[in-house]
Amino acid sequence: MTGLQILEKLGICRDISFLRFMLDGIPPLWRDSKLLIRDLKFAEVPVRVYQAKAPSVGQRRGVLYFHGGAGTLGSIMCRYIARETDAVVVSVGYRLAPEYLYPSQYWDCLNATIHFMRKVEDYQVDPARIILCGDSCGANFATAICQILVSRTDLPKIRAQVLIYPGLQGLDFYLPSYQQNRSVPILFRDRVVYFCLRYLSKDTSVVEDVLKSSHVPEDMKLKYKKWISADNIPEEFKIRGYKPQKPPSYKYKHDVHEVIKQMLEVMFSPLLAEDAIVSQLPESYILTCEFDVLRDDGLLYKKRLEDNGVRVSWYHNEDGFHGVLTLFGYGIFSFPSAKKILDNTVNFIKKL
């Protein structure tokens with residue numbers, strides 16, 4: 001039992017609450033005099049809209065931002081993006097799990113996105129420059145929403161998707177990055193599965209079975225091996241402490257699969273989308289960090305997009321870890337790699 005689980009048993013602190021506290025960071029202690037910040041509702045979903053007070057000579061970009069697993073509406077990252085790119089940034093306050101059941105988070109993000117796309121003129125946003133952006137599970141939402149919207153002919157086309165250390169699949173937790181970074185804070189390998197199960201409101205006692213891929217039927221493993229495999233990870237990412245090996249004692253367990261089969265749905269695991277969908281996706285930006293268990297999810301999606309003719313801008317931070325942006329903007333507590341990541345992300349957005 002972990003320290004967080006002990007605190008939860010004692011009624012002091014739930015592990016989900018602690019993670020939210022860690023990822024929320026300290027609320028900003030200052031106001032940005034150059035930005036107009038408003039709390040609104042888009043299709044009954046709470047949002048926070050950031051835009052420059054100074055008038056624009058033309059239409060602005062529109063960025064819908066989906067925060068990571070436990071973020072808040074008051075994101076310093078959204079302020080930074082709005083200020084540096086002169087974009088209208090909409091931070092979507094989707095309902096959080098486990099209080100609200102999956103997939104309500106996706107529907108909130110989708111409904112807020114559609115509302116904004118239909119009202120872009122109200123914010124002086126160019127309908128041809130709407131960008132979906134997210135970090136961690138928020139990048140998962142952005143990916144899924146992009147895939148859903150490719151078939152919509154009644155809405156503007158998404159200009160680009162910006163995916164910051166995304167988690168994109170629940171099939172294989174034995175990829176090189178999961179082995180290499182299994183004990184790297186703040187996202188440990190077993191915690192990924194644990195929080196996925198909490199997110200889906202499922203029994204967490206099956207964590208070890210999921211880590212061993214016992215939830216995946218053999219035919220599914222074979223079908224998706226062409227997309228999700230260590231063979232598709234560039235060799236330079238296998239140098240650091242990686243030894244090719246198979247998950248120990250793999251044995252498919254139907255009862256485990258039945259409990260968490262939602263983890264293998266395309267909405268939850270957008271890396272499993274068919275080529276017919278992936279080939280229609282917009283220009284993409286993918287950010288990966290070397291010391292992140294989710295690194296290989298980003299690398300695999302980069303390959304899938306490129307294999308389907310989608311233009312990809314990729315930035316790999318060799319010093320970064322999952323959640324490195326959490327303390328961005330807090331002086332001595334901010335990591336240098338966080339500034340590099342945000343500046344690279346901003347530069348991509350400014351070119352759109």
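All positions are counted from 1 along the displayed chain.
From the backbone N, Cα and C atoms, a Cβ is placed for every residue, glycine too.
Feature annotation from TrEMBL assigns domain 'Alpha/beta hydrolase fold-3' to 63-203 (among others). Broken down by DSSP into helix, strand and coil, the domain 'Alpha/beta hydrolase fold-3' (63-203) contains 58 helix, 25 strand, 58 coil.
Annotation comment: TrEMBL describes SER136 (among others) as active site.
In the predicted structure, the domain 'Alpha/beta hydrolase fold-3' (265-325) carries a mean pLDDT of 97. Per TrEMBL, domain 'Alpha/beta hydrolase fold-3' is recorded for 265-325 (among others).
Taking the Cβ of ASP292 (active site) as reference, residues of its chain lying under 8 Å away and at least six apart in sequence are, in sequence order, TYR165, SER177, ASN181, VAL184, LEU187, GLY320, PHE321, HIS322. The annotation active site is assigned in TrEMBL to ASP292 (among others).
For HIS322 (among others), the entry in TrEMBL reads active site. In this view, HIS322 (active site) is surrounded by 25 other Cβ atoms within 10 Å of its Cβ, with every protein chain counted.
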With DSSP, how much of the domain 'Alpha/beta hydrolase fold-3' (265-325) is helix, how much strand and how much coil, in residues? 22 helix, 19 strand, 20 coil
If you draw a 10 Å sphere on the Cβ of SER136 (active site), how many other Cβ atoms land inside? 25
